[in-house]
């Protein structure tokens, strides 16, 4: 698949959006009387981050959000569990104290450069990006020339909002590495109360198995008259 910005900017759009594919998949799978499982991945978010490119990564995050919203719009919270999470983060960071509404892909704005917030002006006197990576290929773009380390590139007259712009990085690597912080997990629908607080990643699969009434632990799935008996997040039974 193309990056989302490439898909929508093409002279002739030949690929469906992630939201469109999600809707089509649900329309086919919902025909089953036995329920269904669908995995939707915004895989190009990861690709953009690994390339140290915030523009495609964040635009594909928006496309993924639209796919989640589409799934919510065409399914019922009463009988469909939707779980949204990630398998890892990357060393993507935001800094510099930019003011509210400053372009996210741009440079930290004049509010900070003028020193109205103590300590926000970079010590080398050059503007800084709001979005950077701790490591990755951006180091060579911004801090090396002809194989030699040089002072950090001056981005004053550089279009940092361009789709192919590579963010700066603190350590040279062939690609941005995975991060170590916890990633979020969101859930809606039956048994969504199982997803709360901090969990080990392998917990998610067990919770989904339990909620879906598959696997070994199924004692909660049969009511007194043999019917399927699953608790909703508000304690009601279906």
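Yeah, the Cβs are placed from backbone N, Cα and C, and that goes for glycine too.
Automatic, uncurated: that is what TrEMBL annotation is.
Worth saying up front: this structure is predicted, and the values here are computed from it rather than measured.
Residues or ranges marked as Mg(2+) binding site by TrEMBL: 41. Sequence-distant contacts of residue 41 (Mg(2+) binding site), defined as residues of its own chain at least six apart whose C-beta falls under 8 angstroms from its C-beta, are absent.
The annotation Zn(2+) binding site is assigned in TrEMBL to 46, 50, 87, 88, 178. In sequence order, 57, 90 are the residues near residue 46 (Zn(2+) binding site), counting only same-chain partners six or more apart with C-beta under 8 A.
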Using an 8 Å cut-off from the Cβ centroid of 46, 50, 87, 88, 178, can you name the remaining same-chain residues around the Zn(2+) site, in sequence order? 49, 86, 89, 90
Tell me which residues of the chain lie with their Cβ under 8 angstroms from that of residue 50 (Zn(2+) binding site), as long as they are six or more apart in sequence? 90, 136, 175, 176
